[in-house]
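Peer 1: Structure below; questions to follow.
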């Protein structure tokens, strides 16, 4: 409303049709820009493909050309209103392609280059620091414009404008203090240089290059000049990173939003004076920041509010300094109007920020419990069990019996975690059409028609009643192996096979991800593997197998230092007789098995099997980024600036065990913006019985939706290995509390930051950011190790004619 009122007060000419057109253009400009920024972040995080922002930028160029041409078909021009004096720009050849860039190709290519680079860097920033922070940094673009105009055009810089922009810059830095690093903000800072350069070059050459063009032609020219550079960067992406096109409608939708607001901005700039345009642009940007923070659920603390306020106070000074001599006669009336408008703006900012802070989840006082690991008697018994925790009147979690569960699953869409309103997100329907995509170990990239579960319970039973197993299945069947190489599966996850080349007289390859096979100890579970290998002469390729083994019970806490690693011998583990028989069969036929880590590998070696390969968990390859460690490093380092910050959003992955449950539950009080991610119905029931508010819980059965939820958090923390691995897959830092040798050997093999249950730092009042920072993370070591493991998979798979997935193949090529 403020923007529409400003049109009637500040635009030239009383024409009703002109005011209506300006109002429509401003509405398109404002709405499309706000929605585009939010949509860009959601798109770039939903599809973690390599360099997806390149695809997005190229799509924006093509869609921009098409939209400009379609707008030109309107006769008269959509910008020519009745009663409006025809400007020279509209008195040109009616043919849309009548203009020529040949005499000005150098300056035109320079304009196109800066336009593309600025757009490309802005899009990458939406993924790197998010929509809210990107829009905040966009506020500093006028500062770059002031400096560049002084250097390139020789225009004098108003001291008042420069001082105002310094205040804006200070506010932006204050707003970003918790996530500010040189590398994270470099893309948007460079974009803020490129886009003003583009505008300066267009303004400098306007008299010769585009003086007789319509707005549509000028917009089309901008896209055409960008096209050659867009093609080059797209070719680079395809050659070195391969082709990974996500759902096309998402790119198309975002490109339409982007070009709609770009065209409206250019049109408005031509139809009003520069000061009015700058004022409206400022209002648009501030409102976009607030909308983005509210829609995406970004929490705003006092430093965010202060940063917004400081930037808001700087812009009136910047705009006042831009007044020209010709405008001084209107100074008094405009000064009053500007003052009122910015007071309204600041009121909206404070009101919105206050609402955002007040809506942050909070908890009544939780029972203060000391860590069982630091109790005076040094026992491992939890003094206060989770059942004694009190959360006041928030005991609202529904009962989840079979009948209730069916009710919850039928409302999956309404209760999706994407709404940020409800913790449960069963991405399934009563007929199992959706759940089969992730619960079943699909051996093709699309759900098979013959794999159908009628009930959620039936589907989950096939994966061990633990949603963490869905992460395991998602990784082994959707991220690790290339199923286009003639690998087919039976109705369930039990058998996937392919014909193989004649390798050591083997006929068929059976690809079987099965993690805890050694711990089941039932003869029939080994019978199929034994028959396949020994009688049929085929290859049984077991993926991710390992053993469950607790730490030695006689470990004394007083003998350990904080953070000290637990070392026990694999000699303590004894395989069951059926497991020993299977190991002997695999040894006799020299069949490799891909194991979790060094503990299982050593235990198997002691049992006489020598062809094991320690390869961690396939969930290491969920994220497509070949340099995932590099991007994670920036986020781990950013946690150093969050030490002592209780607004940190912690994804607590709970594993109800008496040694650690009370401590993990206490983190919900310490960090009011945090959530408890549970992985089984039993966990959910225990948390409900403990009185933990239902709104503070997350229970998700869709791997991709799980990642989407985690991308709203700052760090994952807890005792669930897959809860932390899917966090790394979502691109956020994770920290594991290893409860046994299974988890310990996995995190050691995959270079994931961790400690153990025995760490004496795990006490009530723990600073999560400090603990994660103290343990540390090396992105370079993580990437190199990830590459080495991918090479191991490639070597073993290649022996039998099986290929890695495209992105896992790319990961194997970086070291």
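Backbone N, Cα and C define each Cβ position, glycine as well.
Heads up, TrEMBL stuff is auto-annotated, nobody curated it.
Feature table excerpt (TrEMBL):
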{"type": "TRANSMEM", "residues": "20-39", "note": "transmembrane segment"}
{"type": "DOMAIN", "residues": "22-318", "note": "domain 'Sugar phosphate transporter'"}
{"type": "TRANSMEM", "residues": "51-71", "note": "transmembrane segment"}
{"type": "TRANSMEM", "residues": "107-130", "note": "transmembrane segment"}
{"type": "TRANSMEM", "residues": "151-174", "note": "transmembrane segment"}
{"type": "TRANSMEM", "residues": "180-198", "note": "transmembrane segment"}
{"type": "TRANSMEM", "residues": "219-239", "note": "transmembrane segment"}
{"type": "REGION", "residues": "395-418", "note": "region 'Disordered'"}
{"type": "COMPBIAS", "residues": "408-417", "note": "compositional bias 'Polar residues'"}
{"type": "DOMAIN", "residues": "596-741", "note": "domain 'Polysaccharide pyruvyl transferase'"}
Peer 1: Is the transmembrane segment (219-239) packed against any residues at least 6 beyond its ends, judged by a Cβ distance under 8 Å, and which are they?
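Peer 2: Sequence-remote neighbours of the transmembrane segment (219-239) are 50-51, 54-55, 57-58, 61-62, 64-65, 67-69, 71-72, 96, 99, 101, 108-109, 111-113, 115-117, 119-120, 202, 210, 213, 262-263, 266.
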Peer 1: Determine which residues of the chain contact the transmembrane segment (51-71) at the Cβ level, with the cut-off under 8 Å and only residues 6 or more beyond its ends counted.
Peer 2: 40, 43-44, 78, 96, 116, 119-120, 123-124, 126-127, 216-217, 219-220, 222-224, 226-227, 230-231, 233-234, 237, 241, 244-246, 251-252, 254-256, 258-260, 262-263
Peer 1: Average the pLDDT scores across the domain 'Polysaccharide pyruvyl transferase' (596-741) and report the rounded value.
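Peer 2: Here the predicted model's pLDDT, averaged over the domain 'Polysaccharide pyruvyl transferase' (596-741), is 89.
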Peer 1: Mind checking how the domain 'Polysaccharide pyruvyl transferase' (596-741) divides into helix, strand and coil residues in DSSP?
Peer 2: 68 helix, 23 strand, 55 coil
